[in-house]
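Below is one structure, written out as C-alpha cells; the observations come after it.
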Amino acid sequence: MMKSFFSAAALLLGLVAPSAVLAAPSLPGVPREVTRDLLRPVEERQSSCHTAANRACWAPGFDINTDYEVSTPNTGVTRTYTLTLTEVDNWLGPDGVVKQKVMLVNGDIFGPTITANWGDWIQVNVINNLRTNGTSIHWHGLHQKGTNMHDGANGVTECPIPPKGGSRIYRFRAQQYGTSWYHSHFSAQYGNGVVGTIVVNGPASVPYDIDLGVFPITDYYHKPADVLVEETMNGGPPPSDTVLFKGHGKNPQTGAGKFANVTLTPGKRHRLRIINTSTHDHFQLKLQNHTMTIIAADMVPVQAQTVDSLFLAVGQRYDVTIDANKSVGNYWFNATFGGGLACGASLNPHPAAVFRYQGAPNTLPTNIGTPAADANCMDLNNLTPVVSRSVPTSGFTPRPNNTLPVSLTLGGTPLFVWKVNGSSINVDWDKPIVDYVIAQNTSYPPQANVITVNSVNQWTYWLIENDPTGPFSIPHPMHLHGHDFLVVGRSPDQPAGVPQTRYRFNPATDMALLKSSNPVRRDVAMLPANGWLLIAFKSDNPGAWLFHCHIAWHVSGGLSVQYLERPNDLRNGFSQADKNQHNNNCNAWRAYWPTNPFPKIDSGLKVKKWVGEHPDWYIKN
C-alpha cells in the first residue's frame with residue numbers, strides 16, 4: 001500500500017516520465033504568425049490627455065487614480081466581434097508536428113484579440129461549428145458586474161452552446177482596463193486551441209513610448225488535451241512538448257518551427273502584456289541583460305516595481321515596461337521552471353523568444369545569460385495597487401464555514417480526484433445554477449459545491465488550506481470569477497529548493513502575518529504547497545462565481561467551488577432579454593444532448609476524453 005502511494009505521488013508530480021480588425025484566418029495545416037496591432041487605441045479619441053509622456057491621464061475626470069469599481073467612462077460605444085469555432089484534423093503545428101485534431105477560433109490556435117477602450121461595451125457572437133462538443137467562453141478576469149449570465153461558465157451561468165451551428169451573444173462592459181484573455185470552460189477546447197487575448201485600453205502608472213501588444217505564453221502538447229486529462233487523472237502530468245511564445249516555438253528534437261521575435265526600438269520604453277494561457281505550466285521569465293518594471297497584475301494597476309525576473313502562474317497576467325537601453329543586439333527572453341516538477345516541465349530544454357533591437361543582425365543571440373532566480377512556484381506578494389483598498393483583519397476568524405481545505409483522493413477510479421471541502425465539483429450542463437436562482441430553488445445538488453453568500457457589500461474572508469491533513473500537496477493557481485480578491489496573507493515562503501513543510505493556519509501566530517492595508521489584489525494567486533492562502537472579497541457583485549484551480553487537469557478533476565453571491569439580488573437583476581437568450585440556448589442544448597452518444601467523464605468545467613477513432617466519445621451519466 002505504501003509503495004502504491006509513493007508511486008502515485010511520483011506520477012502526480014511528474015517525477016516519472018510518461019467589429020475590430022482581425023487578421024485573416026490561417027489555412028488549415030499552415031501555421032502563421034499571430035500578430036495584432038495594439039500600438040494605438042481602437043480609435044483616436046477626441047482631446048485625449050493620454051500621451052507617451054503622461055500615461056496616467058485617460059480622459060477628463062478619469063485617470064490612473066480613478067477607482068473603476070466606482071466610476072467608469074460612459075463612451076457610448078459597443079465593440080462587436082464574431083468568434084467562430086471549428087475543428088481541423090491532422091493539423092500541422094508551429095513546431096512542425098502534425099496534431100490529430102485542433103479546435104480553432106476564427107482559424108487560429110489563438111483567436112483574435114478582443115480590443116476595447118475603458119468603458120466600452122463588448123459584444124461577441126460565438127458560433128459553435130464544432131462537430132459534437134458544446135462550448136462556453138469565459139472572459140477571464142472581467143467582473144461582469146450586472147451581467148453574470150455572460151460570464152461563460154457552463155453548468156454555472158449558462159448551458160453549453162450546442163455544436164453544428166449553435167450560437168449565442170455575450171455582452172458585457174469593459175469596467176476595468178488592462179490585459180486579459182478568454183478561453184473555453186467546456187471540453188478540451190481550452191487546451192486544444194479555443195483561447196484568445198483581451199486588451200482594454202486605459203491609463204497606466206508609468207509613461208512609455210511603444211505598446212508591443214499581447215505576449216501570450218503557453219505550454220504546447222502534441223497529444224489532444226482530452227487524452228492528457230485522462231492520463232493525468234490516472235498518472236502524472238506529462239511535460240509539455242514545447243512552449244509557445246505568441247504562437248511560435250521550436251521543436252527540441254527536430255529544430256522545426258521558429259522563435260517568436262519582438263522588436264525593440266533603441267532608447268524607447270516599451271509596454272509588454274504578458275499572459276500565461278497554459279493548461280499546466282507556470283513560468284519563471286527573464287529577459288537577458290534587462291530588467292522589467294511591473295505596472296499591472298491581473299488588470300489591477302500597481303505602483304511601478306522593477307524585477308530581474310518574473311514568476312507567472314497559469315491564468316495570470318503582468319503588464320511590464322522594458323527600457324531598450326542596452327547595446328543594439330539580440331537578447332533571449334527565457335522561460336524556466338522553478339519549484340520542482342510540480343511547477344511545470346517541458347521537453348524543450350530552452351523555451352525562449354528573441355527580443356531584437358532595431359538595427360541588430362537577424363541572428364540568434366549568442367549569450368544565454370544568467371538563469372532566472374527560482375521563485376519556488378510562488379507569485380509576488382509585495383505589489384502595491386495604485387487604487388488602495390484595505391480590509392480589517394480583525395474581522396477574520398477561521399471557522400468551518402469560511403475555511404476551504406483542498407485535498408486529493410488517491411486509489412479510486414480515476415486514480416486522482418481533487419476535492420474542496422471534501423467534495424469534488426460536478427456541474428450539470430442541462431441545469432446550471434442560475435436556473436435554481438430563477439426558480440427560487442435552494443436545493444442545490446451537493447456535487448455543485450455551492451457556497452451561498454447573502455451578506456451585502458461586506459468583506460468576506462476565505463481561508464484555503466492545501467491538503468491540511470493529507471499526505472500530499474502541490475501548489476495551485478486559484479482563480480476567482482466576478483471579483484478581484486485581496487491576498488490578505490499566506491503561509492511563510494520557503495527558500496528556493498526547500499520543500500514547503502506542513503503549515504496550517506494558527507491564529508495565535510499567523511494573525512500577525514496578515515496585511516490589512518492595501519495588500520496585493522488580483523484574480524489568480526498561488527496557494528502554497530502544504531500551506532494556506534487567505535483572501536477577501538466584498539459581496540458587491542451578485543452572481544454565481546466559480547473559484548477554482550486554473551490548472552486544467554485539476555479543475556477537470558474537481559478542484560472548484562462556486563460562490564452564489566446574493567441570489568435574491570441576482571434573480572431580481574436578470575433582464576428579460578438575458579433570460580430569454582438563456583432559456584433559448586438551454587432549450588437548444590437540451591434538445592441536442594440526448595442525441596449525443598459520447599461521455600461526460602469529468603467535472604464538466606474543462607476537458608473531456610477522446611477515445612480511439614471517435615475523438616469526442618462521451619458517455620452520458
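Cβ from N, Cα, C; glycine included.
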From H248, H481, H483, the one annotated by Swiss-Prot with H185, H548 for Cu cation 3: H481
Swiss-Prot Cu cation 2 site partner of H140, H183, selected from H350, H476, H550: H550
Disulphide partner cysteine [Swiss-Prot] for C586, chosen from C159, C343, C377: C159
Candidate annotated in Swiss-Prot as N-linked glycosylation site, out of N382, N401: N401
Other C-beta atoms that fall within 10 angstroms of the C-beta of N133 (N-linked glycosylation site): 27
Other CB atoms, at most 10 A from the CB of N276 (N-linked glycosylation site): 26
Tally of residues which DSSP labels helix, strand or coil - the domain 'Plastocyanin-like 3' (430-566): 21 helix, 50 strand, 66 coil
Minimum Cα separation from C377 (disulfide bond), reported as the residue among recorded positions N133, N261, N421, H554 that achieves it: H554
When distances run from the Cα of N261 (N-linked glycosylation site) to each of the recorded positions H138, N276, N334, N401, N441, the nearest one: N334
Output field, Cu cation 4 shell: CB within 8 Å of site CB centroid, site H476, C549, H554 dropped: V406, W418, P477, M478, L527, H548, H550, I551, V555, L559
Alpha-carbon spacing, C159 (disulfide bond) to N289 (N-linked glycosylation site), which is rounded to whole Å: 49
